[in-house]
């Protein structure tokens, strides 16, 4: 028994795979066996493994799902949809499920999803019995009465034990406890049940023993074996002479299963020869018959009629075995027994049964499928059955309703209902189908079952507008929120698939979003205005309305175009654009000689409205009582109606009305003042009027304005470039003194050749050289500080320059010339000297130039160009040029410290070669007079004594004094002459008049250098200058540094010359700058290098200090500059 229980804890399953019919939708029939009473959840099989050979043929076997099509509310077996795992869903009791049927199985169908590639598997699970029940007797004590006269071999049927198990687990045998008088025999009924009969094996003697108690045991053959027992209580009665007897010991009766209740099955006829009570018989069922017999049949106890008490069913019980007994009423009656076997005859009494299994949940009579599914889509599984046997149980199944569906048999009595066409819910949403099952019995029985197929909606229809374009009109000046129209789209889909939402697609009108003009109700498509429409602003609004359904997963849309026309209203008055109006009045000029028909003017007006509302007409409403003027109502041209000469008036005021043709009419009134002029004046006035009447072209105004701005900018750029170019030219002159003073502060650079045009001579004043520091502390030194430093030296430099001018003039006066000076101030002395020079009261002494320096110093000067503060003036700065070299000591400083003592002998005597030397040579250096012989006469040609740079001059001393100044007069480059001047180095062109011109030019050059120092170096001294002079002065001050000689243009030499080269006795006479004036003498040359002899070398610093402390009077710079420039111009021209 315990071994059997152990087996029940595991699943004993085997599968029988049967290849089914050759149908595409049918995979296999699968059979499995399990024992009953298995634990819930126990796995029976996995379809994904068992039908892998079928699934592999599908397009996507990994995505296949399984669904069980079972009957009943509580399935005993469940199927996992993912892997097809079959497991126990509820407790399975075979005795309850199948009772005493030998074959007990659970059948259901499994389909694969999706249904496009449907596969049907028929599953049959056989439930095997386990010995879980013991045989049981209905009574625990069974009484039996036997007459003592019973013969040996008498059989008495005993109560049967009941065991619900089947097979070997059911009742198998009976046994009786040991005794000497009775025995039992096991017999089998027609239904397979076993029962026992008690057999008398020895004669009974009541006197010896009147009763017996024996144990009757019923046992099965299961493992473990189970049994049940009951007590037989046998009573021995006295002998009765006669006992009842049946005609037959057994009867077999054929009973049609459709026999009605009350049908007489058998008339039992038992006889008893006794009379009276001993001969009266009573019929009854034996005590051991089953309750089922008692429920189905009935026996009449007096007459012995066996009748049908309950309808029998062949499909449930095919036969019955009944034990009846007859017993008289006498004492010690012995009952007689008879066996009746009733065989139920099958008749076609059962109609076929139809069961429809639907894949979708819900009511059994409704199947749901989606529209658009392909052909052969699974709809339902139909199973038919008939309890009858033979032809009565053979069924023919049919499908009626619509050709879009078909019925396909799978196996036995199972059918599939499939789609035979693609369904469209919008055409037909529901189908009523009828399944008819008919057997082949006689007469034939049939069953009809109806069910409904509903088509589920999918979002396969976009919203649909009745028209692709809607046109509506609305008047302008509407109120905001005014209703315009409604556009409607229909969607035949259901639910959210057919729920339409309306929107206006984004677009722009005049830069504004369409949603600022119109809006639409998303639910019903009603369109409303959001603003006041103006026909003049926009006459037509076009936008797109989108209808979108609420389908899922993809929403479908459709569009329609809405054209909204704005109807014009007469809401704009005419506007006059010509002639030009002021205060709604225009002045019109008419010539006096205008004849009749003369065109006076045309009134031009516009109306922003359109159509009839914009059609204008003109009329004169006042001021034309005498019909002097006529007006064309359409063109609005005004003409004279009479000759103006005959009109006595000179002025009219005409009131002209311009009105449109709208409803209501709008008008504008203008006043025309007509004035008659004489012809010439009127022509001008008319022309001006016509010009004034011409409309201004905005584009032309913009073009003219841009052109004027560009022209002004161009002029400013040209002026700026010209000024910058002039400043460059001014600052490109080469300044020897500055270059010399800055030489030692620069690193050695490659030498380059200098040019004449790059040199500007700077005079030495009283033997002093400008060898002060010329450097700034930093490149960013303040210009204000620079001006302050320059201003602090102004008086000192001016005083020096005046004294130098006196010296120059004195050196050029002959020895026999009596010089009387007032010595009032340096300025007055200069004025007197210049006057004498101008009158030609002396002959200049010769001055030999160009041989002032030794060969080594000349070579040093040749290299000076690479340290120049100015470029050459021929373009961009050249390599080696330095426009702003500061902080260098002059090479002259080095020369001053070298050969000063070499010019004298050890005993203090002057060498013969230097007999002409003076004390000033010790300060300024040796001049040409030191070694050159004097000229025979003042008019002698001294040019033969000139030293030309670059030539060997063996007679010249090897060491020259380094302090001799280079005062070279350079012929102006911009003079109109093409000849080259070598006057800088003492060489001139071989022209007859060159001597005088050269003298004049030399003097002016030296005067220019001197008078440059007279110019003020701060802004304070220019307060009386003109604005232009001040600007020029500021521009010139940009180049030099503090304590330097200010570099001015060459023309500044006229600063003193033009003022003092006049007749001192007649200051009112014309200046020398004119041709009629007395020309300055050209017979003299300046000698800038000569200074008074009373200056010693040791007194050099004292001289400088004395000059710094000196005070002098400033001159009017503006007048001097103007007159000197005139003088230079005249000199150059001569």
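Each residue, glycine too, has its Cβ placed from N, Cα and C.
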Annotated N-linked glycosylation site residue, as Swiss-Prot has it, among 420, 559: 559
679-699, 700-720, 721-741 - the one Swiss-Prot records as transmembrane segment: 700-720
Residues near residue 559 (N-linked glycosylation site) in space but at least six apart in sequence (CB under 8 A): 465, 505, 544, 545, 546, 547
Residue 103 (N-linked glycosylation site): tally of other CB atoms within 10 A of its CB: 8
Residue 103 (N-linked glycosylation site) to residue 269 (N-linked glycosylation site) - Cα separation in whole Å: 40
Local Cβ density at residue 269 (N-linked glycosylation site) - other Cβ atoms counted within 10 Å: 13
Across the domain 'Cadherin 6' (582-697), average pLDDT on the 0 to 100 scale: 84
For residue 559 (N-linked glycosylation site): DSSP state (helix, strand, coil): strand
DSSP three-state assignment (helix, strand or coil) for residue 269 (N-linked glycosylation site): coil
Tally of DSSP helical, extended and coil residues in the domain 'Cadherin 6' (582-697): 22 helix, 50 strand, 44 coil
